[in-house]
């Protein structure tokens, strides 16, 4: 099985590769369109700012390729947000795979909720084989200030300030806001499930 | 529900774990990679590595250690000690660190916080503040808490937050090494004042101290070293205790 991790200037790319290695998978780190197109699975990690990331994807023509991919695709962290329609972060139009909007956390009382949302929070209302073997007591590691709104594509929710989409799925596209590569055994299970879809 | 984080801190010297009592007397507590793996398996929520001998020629050794740790564990970790430039940060993040922490360098040149936050995002920039109370006023100290500055702790915390710090690691030098409990008062004051998470450090001696710093101290995370290294408080027991005390904890 050929797993491609999209090469991209994000700090967590290396960590994703290490997490895959711990599962015995040697992924290819690439921004080559052909190599990504022929991979069996594609992982799109992200960290950073939405408009800069979209500019990079356009430069590499990845913005045209990604929405048309037919193999299982996994967007992680900013990767989830970029698969959406639009992000409030610098008013950025995104890839539009999910007809979902990305919004900023605006707590009514900043003493109760700090932004970014940093730390371990649980997933609930789990659906689909991606989350097989996990319960509502599954904690994953989050670091983000923007979130994907709940929609019919939500396959797991998390609550912080409000309920938001922890994971999403539409056809072959899967996405997760938290960092599976840093989420202990739960994250490992999600990556393993993705690889065996 | 977002949970409170328990963070063991590993002081590193020449690639080995040490813990200073009041940062002066050092004891050897083992291999950092092995220890990191044990903590991660035991349920630590995050780790901090503090390189206390960080000098320019040691930077490469530290980056190699960071890569080994990143390959071995599946929880986030922060690396600090002697980091002063954007280039230092790039090397450590590329080696696999999730966050870096800066202390003295930020006091010396506060603009570096803005530069680092802009380049890598606030989420990976932790500003460590060592504070000591002098005649009723809290002052920032640098160089492992030895050197006093004229900066008032509260004002400095506010400033680093505005400059783009993603988290504050607040160490009370008055409490560090005492095992008499965290500095709950100033931790609460700063946590309440700021919109970013505060990690409390210094003074952990028993499990109740953790409960106190999460309730009275309003800390988002609590850091400790020797009590974990020398198995005085096993992490699974601590988490079970805190859960029982109605503190939100990752199981």
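Placed from the backbone N, Cα and C atoms, the Cβ positions cover glycine too.
Predicted, not measured: the structure shown is a model, and the values here were computed from it.
Annotated domain 'Glutamine amidotransferase' per TrEMBL: A:8-195, in sequence order. TrEMBL lists A:77 with the feature active site, nucleophile. For A:179, A:181, the entry in TrEMBL reads active site.
Other Cβ atoms within 10 Å of the Cβ of residue A:181 (active site), summed over all protein chains shown, number 29. According to its DSSP assignment, residue A:179 (active site) is coil.
Separation of the C-alpha atoms of the residue listed as 'active site, nucleophile' and residue A:179 (active site): 6 Å, rounded to the nearest whole number.
A sphere of 10 angstroms centred on the C-beta of the residue listed as 'active site, nucleophile' encloses 27 other C-beta atoms.
Within 10 Å of the C-beta of residue A:179 (active site) there are 25 other C-beta atoms, taking all protein chains into account. For the domain 'Glutamine amidotransferase' (A:8-195), the model gives a mean pLDDT of 94.
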